[in-house]
Amino acid sequence: MVPPVETPVGKLGLSICYDLRFPELSIWNRKKGAQILSFPSAFTVNTGLAHWETLLRTRAIENQCYVVAAAQTGKHNEKRVSYGHAMVVDPWGAVVAQCSERVDMCFCEIDLGYVEEVRTLQPVYSHRRSDLYNVNVNEVDKEELDFNFATFPIDSKTIFYRSAHSFAFVNLKPVLDGHVLISPKRVVEKLTDLTDEETSDLFITAKKVQVMLEKVQNVHSSTVCVQDGEDSGRTVPHVHVHVLARRPSDFGGNTDDLYKNLADHDKNDKIKPRTPEEMAAEAKKYREAMRL
Ligand code: AMP
């Protein structure tokens, strides 16, 4: 996912052709500050006649952005003819410039004041009911930042995955081989303190981590859980999802003993904290596996 880029004419959301059919991408670009959406395209004559203008105008209207869509045109070979009709649509949905089917150029003014005017007139983005519906975007965050786990600084070397709102890291005192944690980047105590976007991002990240962990640890089962609130056995007051690789031999075959162990493993000296080097080595293995 490439966030919108600054240009001399405004903030530009980058998409192409077939992306036009997936409104989520444009919504994400608008949420990231796009004032203009671009769709350089090569529609066929069939799909162009039926859908091109309708889709461009729809993306412009629902996102209150200019839509700039360059388009290949003409016959490329015996099997392929492109529709052309490159066009610019304004944030109210009007086609303000359009090329013919010939090789052509068209021009228009981009008026960012008009973008603001339309958004003020119909503030649809502040009327979205994110409590009822939402767009999930699973952004991968590549910045090598440290985060805090409650008040403990978590070294980026022990973090193996970052999404828009969450980070996954290895455990200081794992209960079992393959016991990792996923937390929201924002330090909040309880699951119910998270926004809807943070909640979906946290659990989508937890599932991705689970898939990776089961593969690396060569197991078929996991425990995925949250101890939410101090009476539940939680010790660190920052939301975290535990993901543990599970084997039939865990706790001498008494697999349910996990819950007792989870509640008190970090409260006493039963398990020794691992060294930063051990943790970094485990995180490196997972980081590489997350990329596959
Ligand atoms: P809970 O009992 O649910 O609060 O779990 C807290 C978890 O965080 C335990 O599994 C601890 O081993 C782990 N933990 C505590 N401090 C750190 C830390 N600095 N880095 C990584 N894991 C930690």
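Quick reminder: no glycine exception, Cβ is built from N, Cα and C everywhere.
Where the annotation comes from TrEMBL, it is an automatic prediction and has not been curated.
The number of other Cβ atoms within 10 Å of the Cβ belonging to H240 (active site, tele-AMP-histidine intermediate), over all protein chains shown, comes to 25. What TrEMBL records for H240 is active site, tele-AMP-histidine intermediate.
The substrate binding site annotation in TrEMBL covers N171, Q227, G233, R234, T235, V236, H242. DSSP assigns R234 (substrate binding site) to coil in the three-state reduction, placing it in neither a helix nor a strand. Every protein chain considered, the tally of other Cβ atoms within 10 Å of the Cβ of R234 (substrate binding site) stands at 19.
As a summary of secondary structure, the domain 'CN hydrolase' (1-112) carries 34 helix, 34 strand, 44 coil according to DSSP. The domain 'CN hydrolase' annotation in TrEMBL covers 1-112.
Feature annotation from TrEMBL assigns domain 'HIT' to 145-253.
The motif 'Histidine triad motif' annotation in TrEMBL covers 238-242. Long-range contacts of the motif 'Histidine triad motif' (238-242) within the same chain, counting only residues at least 6 positions beyond its ends with a Cβ under 8 Å from a Cβ of the stretch, are 148-150, 179-184, 187-191, 193-194, 202-203, 206, 223-228, 262.
Within 10 Å of the C-beta of Y259 (site 'Important for induction of apoptosis') there are 12 other C-beta atoms, taking all protein chains into account. For the recorded site, Y259 (site 'Important for induction of apoptosis'), the DSSP three-state label reads helix. Taken from TrEMBL, the feature site 'Important for induction of apoptosis' applies to Y259.
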Which recorded positions sit within 10 Å of H240 (active site, tele-AMP-histidine intermediate) - Cα, from N171, Q227, G233, Y259: Q227
Any further residue of that chain within 8 Å (Cβ to the Cβ centroid of N171, Q227, G233, R234, T235, V236, H242) of the recorded substrate site: H240, L262, A263, D266
Candidate with sparsest Cβ neighbourhood (10 Å radius) among N171, T235, the listed binding-site residues: T235
Distance [Cα-Cα, Å, rounded] between G233 (substrate binding site) and Y259 (site 'Important for induction of apoptosis'): 9
Substrate binding residues N171, Q227, G233, R234, T235, V236, H242: largest Cα-Cα distance, in Å and rounded to whole number: 16
